[in-house]
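Visitor: Following this message is one structure expressed as structure tokens.
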Amino acid sequence: MSFNFCLPNLSFRSSCSSRPCVPSSCCGTTLPGACNIPASVGSCNWFCEGSFNGNEKETMQFLNDRLASYLEKVRQLERENAELERRILERSQQQEPLVCPNYQSYFRTIEELQQKILCGKSENARLVVQIDNAKLASDDFRTKYETEVSLRQLVEADLNGLRRILDELTLCKSDLEARVESLKEELICLKQNHEQEVNTLRSQLGDRLNVEVDAAPTVDLNHVLNETRAQYEALVETNRRDVEEWYIRQTEELNKQVVSSSEQLQSCQAEIIELRRTVNALEVELQAQHNLRDSLENTLTETEARYSCQLNQVQSLIVSVESQLAEIRSDLERQNQEYQVLLDVRARLECEINTYRGLLDSEDCKLPCNPCATTNTCGKPIGPCISNPCVSRTRCGPCNTFVH
């Protein structure tokens, strides 16, 4: 914005003491524009020498000074406006455009690390499953070992019971054998006593007496003993067979019970192992799901933190840009206000200049001479002032001044 005013006549007349006279219609009023120009500017006090009084000179000097101050202020505002435009241009050129940082490499690294973490977690889960399977196998073998140990203990208990029975049978056999031996000894003693008695009787009777007695035939003790032995042996054999049959039946029943119990135990153990495997598999899956959830929560937390940081950066950038925009808007509003003020000042100055120009042009025809000038605007010589302003003189057509 520039104000180029061409005021040759005004500058020329401000350098001398002459001043045009304002028409009588302007007397007692102020000139256009909010400059509060004194009303004495329009007073038409004319002296025959063409000079003005001191009040009019001071008013003219005041107006010229105000015009010069306005022009100086306009130039200063133009310089400030140019400086502000230059600063805005430099700032707009220096300010780098907003470029979002490229995080693709970091994202790729994060994805690779996440893949490695997932692979490690799957490998750990596989190893955990293998360890659990080994534990289950060891538990199975331990259960089988305990089962075999319990079966061995049962068989040993049965053997101990059978040994006790065998010992009892052995004792019973020994008792029976002792009884047989005692009976044999008693039989031998009886035979010896009988023979002694028979011999004694024979020796007493001699040959004199031959008594025949119809008596029952004598019993063969050997035969009786043999029969008794046979009976006892048959009884022992019968008892032994009965005991063996009872032992076999008890053993078979126990074996059946042990087999059924072992089958039930194996089925229960298999079911328990299957349930343990299922529980372990479910626990492993649950642990994997927990790990996946923790990983996803950590990823979500990291993503939220990263995006919150980016959001804070963007918000701070937005706040900075908004502050810069507000500053630019305030500068623009201030410059607009200054521009409006300058436009008003320009309008007032143009109005005043036009008024001054009209006044000067209207008064050029009334001035007899200019004591400070020797030529007019056309370059023609101006005649000297005369004391009688009523004498007719020749005027210059283009500039409307008197010549001689």
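Count begins at 1; order follows the chain as displayed.
Backbone N, Cα and C atoms are what each Cβ position is placed from, and that goes for glycine too.
When I checked Swiss-Prot for this same protein, it listed these features:
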- 1-56: region 'Head' (REGION)
- 56-367: domain 'IF rod' (DOMAIN)
- 57-91: region 'Coil 1A' (REGION)
- 92-102: region 'Linker 1' (REGION)
- 103-203: region 'Coil 1B' (REGION)
- 204-219: region 'Linker 12' (REGION)
- 220-363: region 'Coil 2' (REGION)
- Ala305: site 'Stutter' (SITE)
- 364-404: region 'Tail' (REGION)
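In terms of burial and nearby residues, how do these features look in this structure?
Guide: Per DSSP, the secondary structure of the region 'Coil 1A' (57-91) breaks down as 35 helix, 0 strand, 0 coil.
Here the region 'Linker 12' (204-219) returns a mean pLDDT of 54 for the predicted model.
DSSP classifies Ala305 (site 'Stutter') as helix under the three-state reduction.
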Visitor: Of the residues in the region 'Coil 1B' (103-203), how many are helix, strand and coil by DSSP?
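Guide: Tallied per class, the region 'Coil 1B' (103-203) gives 100 helix, 0 strand, 1 coil.
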